[in-house]
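Everything on this sheet refers to the single structure shown next.
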């Protein structure tokens, strides 16, 4: 399973059950957008607090300082640990923080990656963090490297498509596993491909299928139906 | 078996497992105790289905769905939970002092840098007071002089400070001091240079202030003020520096590991130090805001309490967590 997508950024984690889990690390742009959202939320929180607490004199000033401390150093940590690895910005961008081994991020790792954020900020505007995440195959910034964490896309799988109502066909040539999966995927994705694109893809196989390009996609669907088998 | 019968046979199981996961992800308990007992077995069965689906070349859509389900199950099954209160108590009573003793090399190096620069600068400025202007600008020096003037009613802040401002100062100390400690630690990621800089810079500044005020005759207000919370605060800065130096050392000399691996292992040990530093600094902020600033008590009470606090901190790191039970973590 490791070879078929050589250009993919999939990050594979082997579990104790010898299953390969594939995680999709999030790159710079979605992470930057999530951070911008979090920054705005923190700005609003602090702005509102300044507005209210400034009426309370010295006590208010003390509380503002405490709140500033909490919001600037602990906002991310609390959300990441208590909300399944997602701060509000990450939730909006459908991102999630995990340990390298695919388990949910814990207190110590989250604390580390967020404390070390000040280094990623250096010398200005996240320069080190941006360089590091552009150079790393799993887009890790320095804090992620030290804490052993990973920011991944939260994927929601497509619901299963109803089986096609066509007459099954035995493939006219021998299929290996990769071919078989490619044909099944072609049939499964019929809702998301335009018919022109489907015909274009299917026309690659006109010769082995022994038919013209218009008929090729229907034939592939029938072969896929045959591969799926029947439920009865 | 072809894909459709396979899906047909196990679909109900997958749907039920998905419902269980939904509940667990919202931190709600599963409906029946039977379900809780079967969760791990159900998860392993799902793993088997995924492996079969991959090996038999079933459609990528099905494989993806099973993989997502497995991933979510994996995240619910393999997580580190514990009673946080219990963990905190054990951390304070055994783990933290043990960790500091185990990392004595880094702690010694950081102490040498910090207290060394503090002493050198303090003695230098005691004899050559004008040197203070090489570190602090004149406005800061003037502020400092008025803060610790021997006739002040409440010390350690601007002269007009009243008791109601203790709260204000508490908040300020938390934000300012813990921020500095965190930076001192994080600076270690720059091959230790950041920690080195903050240790030396803070040591020199504190030394300069102490030396300058002592030669000015303000020592009578300055020393009773700082001795109490200094026990927590200076220790905390040193430990934060030690954690930072450890990060730096892992990068400079990773030994027989890859740099990233060495960094990760060092960082994992540093977390304990940083948490301990945070707790120490909260204590320091309390002492500084509510105890140190009071001018009503006699100087000797303050000196003796201060000395006691230093002894207590020393004893804490030397003695705690040494009994035989402490080692089985």
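Yeah, the Cβs are placed from backbone N, Cα and C, and that goes for glycine too.
Under the heading domain 'RDD', TrEMBL lists A:26-144. Mean pLDDT for the domain 'RDD' (A:26-144) in the predicted structure: 88.
Panel annotation: around the transmembrane segment (A:32-53), residues 60-61, 63-64, 67-68, 71-72, 75-76, 87-90, 92-93, 95, 126 of the same chain, lying at least six beyond its termini, place a Cβ under 8 Å from a Cβ of the stretch. Marked as transmembrane segment by TrEMBL: A:32-53 (among others).
Within the chain, the transmembrane segment (A:59-83) has long-range Cβ neighbours (under 8 A, six or more residues past its boundaries) at 38, 42, 45-46, 49-50, 53, 91, 97, 105-107, 110-111, 114-115, 117. Taken from TrEMBL, the feature transmembrane segment applies to A:59-83 (among others).
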